[in-house]
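K.L.:
Taken from TrEMBL, the feature domain 'tRNA methyltransferase TRMD/TRM10-type' applies to 1-229. Annotated S-adenosyl-L-methionine binding site per TrEMBL: GLY114, LEU138, GLY139, ASP140, TYR141, VAL142, LEU143, in sequence order.
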Amino acid sequence: MRIDVVTIFPAFFDVLEVSLLGRARGSGILDVRVHDLRDHTHDRHRTVDDTPYGGGAGMVMKPEPWGEVLDAIASDDGASDDPVIIFPSPAGERFTQATARELSGERHLVFGCGRYEGIDERVFSYAAGLGRVRLVSLGDYVLNGGEVAAMAMIEAVGRLVPGVVGNPLSLVEESHEDGLLEYPSYTKPASWRGLDVPDVLLSGHHGRVGEWRHAQQVERTRTRRPDLLPD
Ligand code: 6GU
């Protein structure tokens, strides 16, 4: 999978070099390229924003650098490519595990990270001529910019790309894959600082273990995330 990221803070994405995704990049499964939006400005101060038409607080990202960088990304891969162009935004549709699954089947993702006051609206219209545009939000809270949100989405999507996570079975029994929260996990020792592993897990009885885990999933979901359960 090819992933292009556009940002005024390329250093945010240095952490993609470590851990699981770092290994996937090294092995060529993920081809991540980070673009500095300021490299597509032409004034001495490398200006990326300006005051909003109609007045109001904050600054708005100028369209010209965005047009240039999106053109560069689109022409780099040939016009036959039809990337999904994602703009992280608290005003977007909600990002869920289903979104991550869907995106993990794509060949090319572009993340456009804006500051939260916003990007000139015409950039989204222009980008729609280069790919399938989606504004996507992590949840109902506000971050300063799209970078941290894009990182979260890249990790959630990237780990679902075949070959990134070594054992694909480890992706099956996770929170949100079956609509329930994950069951609790324990490892050795069986007794630690007066706290014991539940007996059923030591019983060797696979049927009872399975039933206990499912009951734990339902109970946790009921208490922590009742919104996930049917009424
Ligand atoms: Cl995607 N962007 C920003 N700036 N804030 C957010 C968000 C995204 N999701 C939740 N808060």
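Cβ coordinates come from backbone N, Cα and C, glycine included.
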K.L.:
Including all protein chains shown, what's the count of other C-beta atoms within 10 A of the C-beta of ASP140 (S-adenosyl-L-methionine binding site)?
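P.N.:
Taking all protein chains shown, ASP140 (S-adenosyl-L-methionine binding site) has 7 Cβ neighbours within 10 Å.
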K.L.:
Find, for the listed binding-site residues GLY114, GLY139, the residue with the lowest Cβ contact count at a 10 Å cut-off, counting only other Cβ atoms.
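P.N.:
Checked GLY114, GLY139; of these binding-site residues, fewest Cβ neighbours within 10 Å: GLY139.
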K.L.:
Among the binding-site residues LEU138, VAL142, LEU143, which residue has the fewest other Cβ atoms within 10 Å of its own Cβ?
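P.N.:
VAL142, out of the binding-site residues LEU138, VAL142, LEU143, has the fewest neighbouring Cβ atoms within 10 Å.
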K.L.:
Tally every other Cβ atom lying within 10 Å of the Cβ atom of TYR141 (S-adenosyl-L-methionine binding site).
P.N.:
7
K.L.:
Mean pLDDT, the domain 'tRNA methyltransferase TRMD/TRM10-type' (1-229)?
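P.N.:
Summarising the domain 'tRNA methyltransferase TRMD/TRM10-type' (1-229) by its mean pLDDT gives 94.
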K.L.:
Considering only the binding-site residues GLY114, GLY139, ASP140, LEU143, which possess a Cβ situated under 6 angstroms from at least one atom of ligand 1?
P.N.:
GLY139, LEU143
K.L.:
Please give the maximum pairwise Cα distance, in Å and rounded to a whole number, for the S-adenosyl-L-methionine-binding set GLY114, LEU138, GLY139, ASP140, TYR141, VAL142, LEU143.
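P.N.:
So the binding residues stretch over 17 Å, Cα to Cα.
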